[in-house]
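Okay, so here's the structure we're looking at.
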Amino acid sequence: MAVRLLISVLIISLVSLTYASDPAPLQDFCVAVKDDDAKVFVNGKICKDPDMVSADDFLFPGPNMPGLNVPGNTSNPLGSKVTPVNVNQLPGLNTFGISLVRIDYAPYGLNPPHTHPRATEVLVVVEGTLYVGFVTSNPADPKVKNKLFTKTLKPGDVFVFPEGLIHFQFNVGKNNAVVFAGLSSQNPGVITIANAVFGSDPPINPDVLTKAFQVDANVIKYLQGQFWWNID
């Protein structure tokens, strides 16, 4: 009985690991086709003919594109800019379950609360001082609040944001800040919380948001009337 239990636990563990991130590829590579109409929703995008693949398919930046050595333009209301390198910019990443970003922050610039629905993120600070954090999912006990984990990071520090959880980064210094981050998906996705809730098209019925946030309807209408900025 003990042996069977041990085997069952091992099988469950292996199954859990198998589905912990993007599906594993069954071939050497699957360079994405750059045709927006040629998409599949199982394991990335349709593959390019392997005989037509070249080294350029695995290189970023492409022709006439800035590399990650070039700072992003932070002259926007949030004071930050994400430069992504995922399957949409680097077709050779298709099916590999990995991508990265560079994020630039002006003084007091913010990468607002958001989630990556398909990826865990590991972030390393290159320049500046950042206040970062993430919030846990709803606890089983309704009397317990979601827990906030925060740290103030300096150059060389590394911090992990678990997959799907709301997180943020705020430059608390007087100088520019720069980070690089790896994500465990070739297409991690981003849901910026304020943009999604107050800036959707068509807008969410104000009655829903008034009840959800327990505020006056005029506050909701004001928020829905703002311009919600995307930094990526």
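Sequential numbering from 1, following the chain as shown.
Any Cβ shown, glycine's included, is placed from N, Cα and C.
Keep in mind that what you see is a predicted model, and the values were worked out from it rather than measured.
If you check TrEMBL, you get these features:
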type     : residues                       : note
SIGNAL   : 1-20                           : signal peptide
DISULFID : Cys30-Cys47                    : disulfide bond
DOMAIN   : 66-221                         : domain 'Cupin type-1'
BINDING  : Asn111, His116, Glu121         : oxalate binding site
BINDING  : His114, His116, Glu121, His167 : Mn(2+) binding site
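Take the mean position of the Cβ atoms of Asn111, His116, Glu121, the recorded oxalate site; other residues of that chain with a Cβ within 8 Å of it are Val101, His114, Thr115, Ala119, Leu123, Phe161, His167, Ala181, Leu183, Pro188, Val190.
Taken as a whole, the domain 'Cupin type-1' (66-221) shows an average pLDDT of 96 in this prediction. The separation of Cys30 (disulfide bond) from Asn111 (oxalate binding site), Cα to Cα, is 32 Å. Here the CA atom of Glu121 (oxalate binding site) lies 12 Å from the CA atom of His114 (Mn(2+) binding site). Neighbours of the Mn(2+) site: apart from His114, His116, Glu121, His167, residues of the same chain with C-beta atoms within 8 angstroms of the site's C-beta centroid are Thr115, Ala119, Phe134, Phe161, Leu165, Ile166, Pro188, Val190.
Residue pair Cys47 (disulfide bond) / His167 (Mn(2+) binding site) shows a Cα separation of 33 Å. Neighbour density for His116 (oxalate binding site): within 10 A of its CB lie 23 other CB atoms from the protein chains shown. For the disulfide-bonded residues Cys30, Cys47, the greatest number of Cβ atoms within 10 Å around a candidate Cβ is found at Cys30. Between the CA atoms of His167 (Mn(2+) binding site) and Glu121 (oxalate binding site) there is a gap of 10 Å. Contacts of Glu121 (oxalate binding site) defined by a Cβ separation under 8 A and a same-chain sequence distance of 6+ are given as Val160, Phe161, His167, Ala181, Gly182, Leu183, Ser184, Pro188, in order along the sequence. His116 (oxalate binding site) and Cys30 (disulfide bond) are 23 Å apart (CA-CA, integer value).
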